[in-house]
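What follows is a single structure, written as structure tokens, with notes after it.
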Amino acid sequence: MTDLTSLTLAEARKGLADKTFTSLELTDAHLSAIEKARVLNAFVMETPDQARAMAREADAKIGKGDAGPLAGIPLGIKDLFATKGVRTTACSKILGNFVPTYESTVTSQLWRDGAVMLGKLNNDEFAMGSANETSCFGPVGNPWRREGSNTTLVPGGSSGGSASAVAALLCMGATATDTGGSIRQPAAFTATVGIKPTYGRCSRWGIVAFASSLDQAGPIARSVRDSAMLLRSMAGHDPKDTTSVDIAVPDYEAAIGKSVKGMKIGIPKEYRLDGMPAEIEKLWTEGAAWLKAAGAELVEVSLPHTKYALPAYYIVAPAEASSNLARYDGVRYGLREQGKNIIELYENTRAEGFGAEVRRRVMIGTYVLSAGYYDAYYLRAQKVRTLIKKDFEDCFAKGVDAILTPATPSAAFGIGEKGGADPVEMYLNDIFTVTVNMAGLPGIAVPAGKDAQGLPLGLQLIGRPFEEETLFSLGEVIEQAAGRFTPARWW
Ligand code: GLN
């Protein structure tokens, strides 16, 4: 039998339906792959007993012919999603050994559809980061390495564990979240497919909040089709999240293979950065040519406020984070560091429980929201956000169906290589992805090629609100042209 872990989710679905193998066999193959890949540090909690129990249940349902769309498929869950009875920490010391008594809506929908949980995946602390280096469980290794080099690279962040695990064949797909690029950037760094759906498409209920007006859940998977299958189960209206939208969830998979003939693809001139590596530029041109060959029409578009997106994001996101993180005070749950009075208890707990990047964000956020600075920073950033959104609206009003950009300004870099002296160096990673969150739009990252050192690079497609299907159709064209990429095993 072929190695079960190397199947795509769609292939595994067929094998399970045809009874070529059972979910228990598929799950066991992944559990043993996880054991052998502990050096990657992708999982922060393995749940083998639960996985096997869920697999057995799926096998029984498949046997009875009443299997859900993801029956028996083993998945990894980002540690930002609350999982009932399974430790959930957001990879922060402050949550300690917090065990939720409830399940996030997104994960409960995956289990409803028959998926199997292998464990919880590493991420940047509270999803703040672009390299998975801020996790209290330590950094995650990217299964990709530069040709002829032993240096361990970052898998991107904040969903670094999700991307690494999917790329290293440790799970067939993973949940992830994206506030400023945390699904798309790690997908690009690991040659996986990641889609951040439209704001409101997935419920945020039960996901540890970072910046509530930007946070969205989405899948990371090994193919465009697999990501469409996962999103269908993850998406949907939830009365428990008032920002979730009551629009029927389409059969995203039906969009795969649909003609893109006549679609208008915008190429935004503001994304052509000075000093952008020639390889990224080349990839972008190549991607545009593939879409053109498939019948799409390319048009140059302008998104004039692009240059303000990153600074505005790094005001809005920390502002919301400082408010959301106020709840971690050591009183009700998580870590508690004693003090001689309640104020000292708060101070000691928060000083001990939060890592450096989280503390930085809380301080920036508190500052930009404080009396006297609110108008100059927070309010202004919100106005800029409106302008960024309007740039996209103007573009779509001219008949543009989707916008093609690079996913990241570079390929993966080494652990500890970036942001040590100046955090802004790390923030610059998000330059192509944050605009999408600021505007609430859907964006997909699809592997499109490799750089001179053999590292994967991705392209991003940005769509109109709730038109994820367009992104799947176009993403499939890129995937067909570029092929799929798997790293050579070294772990
Ligand atoms: N890298 C960005 C940040 O650090 C985005 C993170 C995310 O999307 N969660 O804020």
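Cβ coordinates come from backbone N, Cα and C, glycine included.
According to TrEMBL, the feature active site, charge relay system maps to Lys78 (among others). Counting only same-chain residues at least 6 apart in sequence, those with a Cβ under 8 Å from the Cβ of Lys78 (active site, charge relay system) are Lys120, Leu121, Asn123, Ser159, Gly161, Ser162, Ala174, Thr175, Ala176, Thr177. Look at Lys78 (active site, charge relay system): DSSP puts it in a strand.
If you look up TrEMBL, you'll see Ser158 (among others) marked as active site, charge relay system. Taken residue by residue with DSSP, Ser158 (active site, charge relay system) is part of neither helix nor strand, so it is coil. Shown in sequence order, Asn123, Asp124, Ala127, Met128, Gly129, Ser130, Asn132, Thr134, Thr177, Thr179, Ser182, Pro186 are the residues of the chain, 6+ apart in sequence, with a C-beta less than 8 angstroms from the C-beta of Ser158 (active site, charge relay system).
Positions annotated as active site, acyl-ester intermediate by TrEMBL: Ser182. DSSP assigns Ser182 (active site, acyl-ester intermediate) to coil, not to a helix or a strand. Around Ser182 (active site, acyl-ester intermediate), taking its Cβ as the centre, 37 other Cβ atoms fall within 10 Å, counting all chains.
Residues or ranges marked as domain 'Amidase' by TrEMBL: 25-471.
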Mean of pLDDT values spanning the domain 'Amidase' (25-471): 97
